[in-house]
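A quick write-up on the structure given underneath.
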Amino acid sequence: MEKITLAPISRVEGEINLPGSKSLSNRALLLAALAKGTTKVTNLLDSDDIRHMLNALKALGVNYSLSEDKTVCTVEGVGGAFNWKNGLALFLGNAGTAMRPLTAALCLKGATEAEVVLTGEPRMKERPIKHLVDALRQAGASVQYLENEGYPPVAIRNSGLKGGKVQIDGSISSQFLTALLMAAPLAEGDMEIEIIGELVSKPYIDITLAMMKDFGVKVENRNYQTFVVKGNQSYLSPEKYLVEGDASSASYFLAAGAIKGKVKVTGIGKNSIQGDRLFANVLEAMGAKITWGDDFIQAEQGKLKGVDMDMNHIPDAAMTIATAALFAEGETVIRNIYNWRVKETDRLTAMATELRKVGATVEEGEDFIRIQPLPLTQFQHAEIATYNDHRMAMCFSLIALSDTPVTILDPKCTAKTFPTYFTEFEKLSERT
């Protein structure tokens, strides 16, 4: 297996321009494909998850052209539901941001009835989709499980979404609600979506609503309990759509600056629609110096102290706090993060296991993790397993900010969101 060893870093300093956000890139491509008119999507992320969405759209008859560096995509919208030849199968890798929204969009009524199968890597078949399918069936959709009940692969008929009152469980993933919301305006009738349980990762719903508005559709949001969407609408191309830099990817560089130097990330700023920008507030609460601009966030080293916080609103960026916690004074507790367990891997168990390898004392709860800090000289050189999870690889690069090297297995798994991550991290790193 491939591996990379990072030697101890004495200081990090510099500026990094972030690649486009994964969540925004795949939403933008799907909305552009469903819309009337042509949309030029810029600062698109070039990564595995985006490639899976692009391949699926092509198979569904969507015409687009991609720039040579794959960061600009001009999409010709189909102006409504997709049409395809019966018997199509789409392979979506481990891309939740493609699997969930497409599951809903492909239920919409096509010109001629056809079936499509959505499948993916073995891990995708372990990632739940039941809450979304239950909701779609209430709206009149035809979705069948092909292997295990509640999980992909699924077979979908484009027999239409009638609308009406629909209940959806919000407690596992916000992607289910995002998928339903994005399909709802193209349903045959109005849809009233009621949330059951606590809605997790609310800021990701804000992203979805903001982007739907950019494509001409307004949703009535009644305090995140009920969402009302008029049916029989069309998405309208905004002609150009700029994808913000990935706020989750920013977290590694900002944390590095907070631990050992000064780093400025560009491509997101104080007006970003991504909830993960609030990661910078957590670093500030820990003692880092944070500066906000319209198009940048800067983090500068401060005396870090542990925090005890609910991080349900920033689930992806919260992982970075788990490794940064080793460099703080006092323990850190990250709470209300059960949905770490249904991501690319079970991130709670993975994080606890790998932190212990470098010498940390960690308590793993059902929906929390408690981490004791580690003196710089007491880190142990370990080989970090990454579980085919891009964020595990990136989080553990921070261990090199101690006095000990770190070896990361399968570093190329960062291709899911940030293929050049280790090159960029290296550019900011100084060694004595």
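Each residue, glycine too, has its Cβ placed from N, Cα and C.
Binding of 3-phosphoshikimate is attributed by Swiss-Prot to K22, S23, R27, S173, S174, Q175, S201, N339, K343, and within the candidate set D190, D316 the record adds D316 to that site. According to its DSSP assignment, S174 (3-phosphoshikimate binding site) is coil. Of the listed binding-site residues S174, Q175, S201, N339, the Cβ environment within 10 Å is emptiest of other Cβ atoms at N339. The residues near the phosphoenolpyruvate site, meaning same-chain residues not in K22, G96, R127, Q175, R347, R391, K416 whose C-beta sits within 8 angstroms of the mean position of the site's C-beta atoms, are D49, N94, A95, T97, D316, K343, E344, D389, in sequence order. Listed in sequence order, the residues of the same chain lying 6 or more apart from G96 (phosphoenolpyruvate binding site) and placing their CB within less than 8 Å of its CB are M124, R127, S173, Q175, K343.
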